[in-house]
Ligand SMILES: Nc1ncnc2c1ncn2[C@@H]1O[C@H](COP(=O)(O)OP(=O)(O)O)[C@@H](O)[C@H]1O
Ligand SMILES: [Mg+2]
């Protein structure tokens with residue numbers, strides 16, 4: 001286990017749209033250490049999704065290097081990246097996070113199954129995570145029986161299931177009201193500390209910033225402190 | 001299978017409905033296949049059950065028994081190539097007889113064969129006809145439905161001849177009519193009557209319609225080179241040339257093929273629509289590290305489960321129906337045919353799910369990020 005969970009070295013990403021070139025990220029660098037919850041803010045179109053996709057091994061940068069838990073992503077093929085995402089990265093998306101046809105517990109077990117985790121160990125871990133996120137009594141519910149806040153808490157639990165090094169959240173509170181948004185991010189922050197992991201969260205929600213360790217703004221293709 | 005089965009459990013109505021459609025289509029496939037088999041049998045079983053491999057016919061007879069006339073010259077030639085026992089005279093004549101309980105008219109097909117040869121029919125009840133007996137015939141069991149029994153008289157309309165039923169054989173039909181077997185001396189007499197000659201003219205050599213041959217393909221080839229004005233056709237060709245056979249089987253086969261294509265399309269459309277609906281789910285699954293192969297397998301597994309389940313139910317329905325159908329209904333479906341039909345149906349279902357597999361493969365994990373549900 002390394003202290004640096006995520007390392008971005010001079011990441012540049014250029015989109016080609018016909019003849020025009022659009023440099024969305026311009027030599028962006030970032031280091032996130034274990035136990036840190038970092039918030040990334042920025043207006044629409046500033047490149048937050050691009051940043052998160054590159055850091056989350058979903059998109060390759062035009063230049064620059066990404067290291068997850070000390071492991072460089074350079075030169076990995078699609079399958080290797082998919083495997084890396086499964087084992088080392090947790091994701092929480094804006095919405096439609098959960099599969100409508102899986103019960104809460106099954107959402108977590110699916111991830112364990114994909115990773116070939118031992119079934120007994122997986123059941124124990126899933127119960128532990130659901131317990132910590134206050135969802136144990138909802139474990140047999142389908143997503144359509146859950147509130148928005150509960151859904152995002154299940155998403156957090158699922159993201160932790162495979163014991164990833166780092167967790168990426170894409171506006172996790174966008175579809176929640178203020179107090180539920182606070183709850184969800186508070187739990188996220190608590191899990192980061194409890195598991196000694198790191199998390200990067202893209203957000204527009206000012207009310208959750210006090211729960212974060214660092215707040216960065218994406219401006220002109222780089223991240224700057226507020 | 002983890003995802004596949006759980007999704008089907010969750011969206012029961014949706015999957016049950018599509019299963020119902022698949023069930024109806026697969027039942028129809030099996031039913032029409034059975035019907036085609038039954039009709040083919042009713043049409044051609046007498047020829048199909050003959051232990052011959054080839055038939056020698058007149059060149060310009062369009063492979064039809066009724067149009068062909070061959071004689072002793074061709075027979076001797078054939079026997080010199082394939083051996084005496086392996087080439088046998090075969091007379092085929094359709095006619096109408098009266099007989100049975102209420103003197104009803106029935107269409108039959110007369111077969112003139114050497115009763116001592118391999119062309120002689122297998123007798124299942126009553127007694128066989130010898131080559132020396134006169135005016136005795138072995139008839140297909142279907143005639144029993146008309147009230148014909150052993151000892152009944154069959155009166156031929158055209159020639160005025162009368163034959164006594166000496167025994168029954170089974171599964172011997174030609175062009176949907178029951179077969180009636182007679183020995184060659186009775187055949188000679190029949191042809192003589194038809195030619196308008198006085199009875200028992202020993203100088204008259206009755207022509208027959210074909211020579212049934214048991215031979216290898218190489219021998220048949222050799223024979224066809226040596227004999228001019230004749231054609232050697234395989235049993236399969238002879239069956240296909242029975243009047244109405246090709247037309248009947250052709251239209252049924254077309255129906256069956258259409259049903260197969262329809263089943264593939266129904267599944268293709270169904271899976272395509274739900275796969276499109278699930279694009280964002282697939283994006284998320286891929287983002288969290290699910291392999292495309294796993295997702296594709298899940299779609300294929302669903303198609304397989306649907307196809308297999310509907311096939312299982314329709315096979316049961318077919319079995320029930322087969323037991324309930326009246327014996328006169330031409331329906332024949334062997335376990336082997338059921339097996340092949342099921343395999344083909346499953347193959348078509350897999351083909352139908354292929355479009356969705358491609359769609360799944362195309363889904364980008366990037367879809368998961370930065371895009372709100374609405
Ligand atoms: N695939 C793409 N092709 C071309 N331009 C893109 C593509 N994805 C994003 N962009 C552009 O890059 C910029 C940053 O987009 P994005 O990362 O989605 O920003 P944000 O998430 O902050 O709104 C936008 O101007 C957008 O139009
Ligand atoms: Mg965005």
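All residue numbers here begin at 1 and follow the chain in the order shown.
Using N, Cα and C of the backbone, Cβ positions are placed for all residues, glycine too.
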Discussion item. Between B:212-236, B:337-361, I'd like to know which one TrEMBL lists as transmembrane segment.
Written reply: B:337-361
Practice prompt. Over the span of the domain 'ABC3 transporter permease C-terminal' (B:254-364), count residues by DSSP class, listing helix, strand and coil in order.
Written response: 94 helix, 0 strand, 17 coil
Worksheet item: For the transmembrane segment (B:337-361), what are the same-chain contacts with Cβ under 8 Å, counting residues 6+ beyond its ends?
Response: 22, 26, 29-30, 33-34, 37, 260-261, 263-268, 271-272, 274-276, 279, 282, 292, 295-296, 299-300, 302-304, 306-308, 311, 315, 318
Worksheet, complete the sentence: Mean pLDDT across the domain 'ABC3 transporter permease C-terminal' (B:254-364) comes out at 91
